[in-house]
Structures are given as C-alpha cells and as structure tokens.
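Only one structure is covered here, and it is reproduced in the block below.
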C-alpha cells in the first residue's frame, strides 16, 4: 500500500471530527509545520497465517486462571452447580464480548486505545484498560518465575519438597503415604510441600510485620529468564508470536492428556472428580455464585483488558473471527474443566492417602498449584519427578502464552500512538520495567501485595470499564452500526442473539456485578499504605475517562470553533479516519456508511431509539 502525506497546520485538522487525540493511519506520513518533524510509520504488522491468530488467542486465554482459579472457584461455590451459571454467563456475556472485541480489533486494525477513534471522547476507556493490563503484567511474570523455579527443582534426584528440612518444625514429609494421626502428626503439623513453598521459595512473611522485604535471588533470576523468553518471542512482532503459538497452544494439551490419564489411574481420584462435579443446587440462589461466574469468565477469557483487541488488530480484514470466537470460548471452558479434573483427581488421591477431607486440601490460588499438587506428586511411587516436570512445564508454557497477550496489548497501545518508535525498543523497555516491578512480588510479603494490586489495579478497573466499553460500543457507536461493519467485513448477517447480548444482557449483567462487588468490597488486611497505593491506581484509571473527554472537547473547539454543547456531542462520533486500514476498503466503507446514515431517521422516543439500535436489521 502506498504511503500518503498530510500537512497539518495550526487551525486545521486532517479530519472533520478529529483532534490531537489521534495519529493518522499507521501507513501514512505525517508532517507538522509546528516543529517541522516528519514521522513515517510502516504498515501494520500481520499474522503469517490466520491459524496463528487463533492459536495465539488460545495461548493467551488459556492460562493460570484455568488451572488454579477455576477448580477452586467451582469447588467453593457449589461444585457442579457452579458450572451451570458459569456456562450461562459464558453464553450471554463472555462469548459475546469476546466476539465483539475480535470484530472491533480486526475491522479497525487498532489497539485498545486507538480503537476509540470510534468515539474519541471515550478514549479514556482504552487508557484505563491499558493501566489494568500493565498492573497484570507486573505480577503475571513473577508467578511465571516461581513456576520455572519449581520446574528446575523437579529435575532433582529427590523432589526437594517431598522431605522435611532439619530446620523445619512440626513438619510431615509429603512423601509419606498413610493416614495422619497423633503418632505421626499434630494438629499444627504442616506438609513439607507447604513449608518448602513458604520458607524456601517465597520466604513468606506478613506485610504488617516486616513490610515487603528483599526479593529472593533465585526467584529474581527465574523472573529474568521468564522475561527473556517473552521478549525474545515478541521482538519480531506478530510473526514471531504466531510461530511460537503452534507450540504454546498445542503442547500444553498433550501434557494435559498425559496428566489426565495418569490422574484417572490414581486410587481415590474419582472421589475427587465427583466432589468437583457434585451439584449443590442451593448455591444457584445466591448472588455471590453468579458474581463469581462473571468474574471467572472475565478472568479466564481475558476480555475487557485489551489483549483480544490487540491480537485481532493484526488479522487480515476478511478473517473469519466469528468461527474463531466460538471455537476459542468453548475450548477455554473445556480446558478449565479438564484442568479441574486433573487437579481434583490428584486431590482425591491425596485425601485417600492421608485421611484428610477434600475441602481442607483445596487451597485457593497459588496454594492449589504450589502446595497441594506438589504434595500429591511427592506421594507418587513411580518417577514422581516426571509428573512434576510435566505439570510445571505445562504451567510455564500456558503462563508464557498469557504473558505474551498481556504484553502485546501494552506494546500495541504505545505503538498506535507513537508509530515512530521501533518495535524492539518498546519490547525491551516494557520487559525491563516489568522485570524491576516484578521483583516486588518476589519478596516475603509479595503475595499479599499481589492480592492488593490484583483487586484494585486489575479486577475493579476491568469490571468498571467493561461497563463503559459495552455502553460506548453498543449505544454510542451503536449495535446497528456494528452489524453493518460485520456485514461489510465478513459478508455475514448478525443474529438477534448477538444483538441482545451486546445491547442489553451483557451491559446489564456486568453493571449488576460491578455494583454488587462495590457493595461487598472489603479492604485487604494489610498496612494502610498498600491499600492507599492500590486505591490511587484505581482512582487514576477512573479519572482517565473524564480527563480524555474534556481534552477531546477542548481540541474540538480549538480546531472547529464550535459551541461547548456541539463539541461535546461531536467527540462521541467516529473520526473520518475510522474504518478499515486499507485505503480502498475504507473509501468504499465510508461511502456505504454515508448512504446508510442518509436513509436513517433518528427516532424521537427512547423506545424507538432502542428498537432502532437493537432490531434494525438493515
């Protein structure tokens, strides 16, 4: 595609609805008379093959949330009964948002910030989601580093967590097979796997007692290795990420099959699996179980963070994202269920071996992965090192795949605004910042600090701006216009199911969950300074929305000499540069869209406007 040149002078704008908020197209040359600076941007990076996009999305979506968060959440909130609300939420919230973000990214070839060329006054949504993604990036890699530390330890002749260190008190060897009783354990006894994690690996200590403390040297080296792996894959952009996706997306499933077969052969495994699926129907009547279903769906599919938009922005314009969205969303759920069977099959075996209740063994989050599962592996009578290697290798691979998506979202947001920056410079810069911030989580108080940052900086920001994202796209930009965009891009009509989910069900469900989470909010039990830091990050993210809206109005009035009211309305309209990346495709699209706008009559009543937005099938 040939480059075009635009000369921008003071008082003029290259677009009717534009402002200083947006760069020109990524394949254009921009000259500014104010500083005589010329910025030349190359064409946007693309996937080598369409299958690489789907595999990369699988690698991104299938991660730690499937392996440790889903099994524990399902157990805690009704066992098999949790699956029903989860599948319902997936069907009416998760999958529709996943498809919507894929459509928007592919149609516009823009990242999560520049995506809001569709309504420049709402650009703060993309900025806030990038902040949330940055917070996630800071703690995702440290967990990956701990996983690699366990992977290396698994090659020992004797698993280091299987036996007690002489310095540990009230310790029971995890390799011990038999029932716990007063002769071999006390009520305060801990397994060697738990003490290994708390003492040798994380040097766990309460934030209130010792602050964060200093990071562990070996974990710091593992964190460095993790970032080197991620940066090496990302250094050449989408093409290298796509090539790596063949391994990152497929190989974990091979390991899962091996682990599942081995798990099903363990004595007591079926008891654990039945406990995982056993329905507790009364849980369906609680708001909390639906709240957890929605948050698990967001966490598992990684929607409303920006990664899906970034990945799909590297697609060819005609790629069948409808097929990809359906396959990936169901595959993600299938993976969560398989991971749950593996984890709870092992827990069932562990329960039988030491006589403990399954409910007691199912620890939350990292405890399930780094304590309960290693404790069970230590009891295997045949080559436990092999199964430890397979498990932590699988965990490391899915962690790398997810970290690639997280980091790609941030890289894309930066390069969309500054296309003059070299890709490798941005990658190295983010990896360096990520490494040094990641050291905070590898300190004795790191996991408590992680909980604070995850709650304030990721969970609440993503839920808050998921509501704004859905309202902006479905009602400001319009469900009807999204459907026209899909018809133009995929030559496909959009069914009533998608329209209702985008326009009504998903926004309302997400808003209810957000309100509920705010009413049920409790401050983490950590020193006030850490809570203040987390709350400050949340406030900074929330302030992005009014700040960018006011800035868009200011730029609009400065360039077009409009009234405040008119400018406030116009910054919610798409820029004239909005549309497909390709010049010829965008020209045809603009012509067709102008014709559609001419035919439309703006309904006077609210009911008619809703009907137009939701049910206009033209």
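Glycine too: its Cβ is placed from the backbone N, Cα and C atoms.
The region 'Disordered' annotation in TrEMBL covers 1-35.
Annotated compositional bias 'Polar residues' per TrEMBL: 19-35, in sequence order.
Among the features that TrEMBL reports, transmembrane segment is placed at 51-68 (among others).
Around residue 62 (Na(+) binding site), the same-chain residues six or more apart in sequence whose CB sits under 8 Å from its CB are 249, 252, 331, 332, 335, 398, 401, 402, listed in sequence order. The annotation Na(+) binding site is assigned in TrEMBL to 62, 66, 300, 402.
Feature annotation from TrEMBL assigns transmembrane segment to 80-100 (among others).
Under the heading transmembrane segment, TrEMBL lists 131-152 (among others).
Tertiary proximity for the transmembrane segment (217-235) is limited to same-chain residues at least six positions away from its ends with a CB under 8 Å from its CB atoms, namely 141-142, 144-146, 148-149, 152, 201-202, 241, 244, 399-400, 403-404, 407-408, 411, 423-424, 427-428, 431, 434-435, 438-439, 442. As annotated by TrEMBL, transmembrane segment applies to 217-235 (among others).
Residues or ranges marked as transmembrane segment by TrEMBL: 247-273 (among others).
Counting same-chain residues at least six beyond the ends of the transmembrane segment (293-314), those with a Cβ under 8 angstroms from any Cβ of the stretch are 44-47, 53, 56-57, 60-61, 63, 65-66, 69-70, 73, 77, 82, 85-86, 88-90, 93-95, 97-98, 101-106, 108-112, 115, 126, 129-130, 132-133, 136, 238, 321, 329, 332-333, 336, 402, 405-406, 408-413, 459, 462-463, 465-466, 469, 509-510, 513, 517. Summarising the annotation, TrEMBL assigns transmembrane segment to 293-314 (among others).
Per TrEMBL, transmembrane segment is recorded for 326-347 (among others). Beyond its flanks by at least six residues, the transmembrane segment (326-347) meets 54, 57-58, 61-62, 65-68, 70-71, 74-75, 83, 86-87, 90, 94-95, 98-99, 253, 256, 259-260, 263-264, 266, 269-270, 272-273, 275-276, 300-301, 358, 361-362, 368, 372-373, 376-377 of its own chain at Cβ-Cβ distances under 8 Å.
Per TrEMBL, the feature transmembrane segment maps to 386-411 (among others).
What TrEMBL lists as transmembrane segment is 423-441 (among others).
The transmembrane segment annotation in TrEMBL covers 461-479 (among others). Tertiary proximity for the transmembrane segment (461-479) is limited to same-chain residues at least six positions away from its ends with a CB under 8 Å from its CB atoms, namely 97, 100, 104, 116, 118-119, 122, 125, 128-129, 131-132, 135, 295, 298, 303-305, 499, 502-503, 506-507, 510-511, 513-514, 517, 537-538, 541-542, 545, 572, 574, 613-614.
According to TrEMBL, the feature transmembrane segment maps to 500-519 (among others). For the transmembrane segment (500-519), the list of distant contacts is 89, 92-93, 96-97, 100, 287, 290-291, 294-295, 459-460, 463-464, 466-467, 470-471, 473-475, 479, 482, 610, 613-614: same-chain residues at least six beyond its ends, Cβ to Cβ under 8 Å.
Sequence-remote contacts of a segment are chain residues at least 6 beyond its ends whose Cβ falls under 8 Å from one of its Cβ atoms, and for the transmembrane segment (531-551) they are 19, 21, 121-125, 127-128, 131-132, 135, 452-453, 455-457, 460-461, 464-465, 468, 523-524, 571. Here TrEMBL flags 531-551 (among others) as transmembrane segment.
The transmembrane segment (247-273) makes no contact with the transmembrane segment (131-152): fewer than 3 of their CB pairs lie within 8 A, with pairs spaced 6 or more apart in sequence.
Tertiary neighbourhood of the transmembrane segment (386-411): same-chain residues 56-64, 66-67, 111-112, 130, 133-134, 136-137, 140-141, 143-144, 147-148, 150-151, 154-155, 159, 226, 229-230, 233-234, 241, 244-245, 247-249, 251-252, 255-256, 258-259, 262, 302, 305-311, 369, 373-374, 377, 380, 423, 426-427, 430-431, 434, selected by CB-CB distance under 8 Å and a gap of 6+ residues from either end.
Sequence-distant contacts of the transmembrane segment (80-100), counting only residues of its own chain at least 6 positions beyond either end whose CB sits under 8 Å from a CB of the stretch, comprise 73-74, 276-284, 289-290, 292-294, 296-298, 300-301, 303-304, 308, 321-322, 325-326, 328-330, 333, 337, 466, 470, 473, 482, 498, 501-502, 505-506, 509-510. Beyond the transmembrane segment (51-68), the same-chain residues lying 6 or more positions past its ends with a Cβ under 8 Å from any Cβ of the stretch are 140, 143, 238, 241-243, 245-246, 248-250, 252, 296, 299-302, 307-308, 311-312, 314-315, 319, 324, 327-328, 331-332, 335-336, 339, 343, 365-366, 368-369, 394-395, 398-402, 404-406. One way to see the shell of the Na(+) site is to take the Cβ centroid of 62, 66, 300, 402; the remaining same-chain residues with a Cβ within 8 Å of it are 60, 61, 63, 64, 65, 67, 301, 302, 332, 335, 336, 398. Sequence-distant neighbours of residue 300 (Na(+) binding site) (same chain, 6+ apart, CB under 8 A from its CB) are 61, 65, 66, 69, 70, 94, 332, 333, 336.
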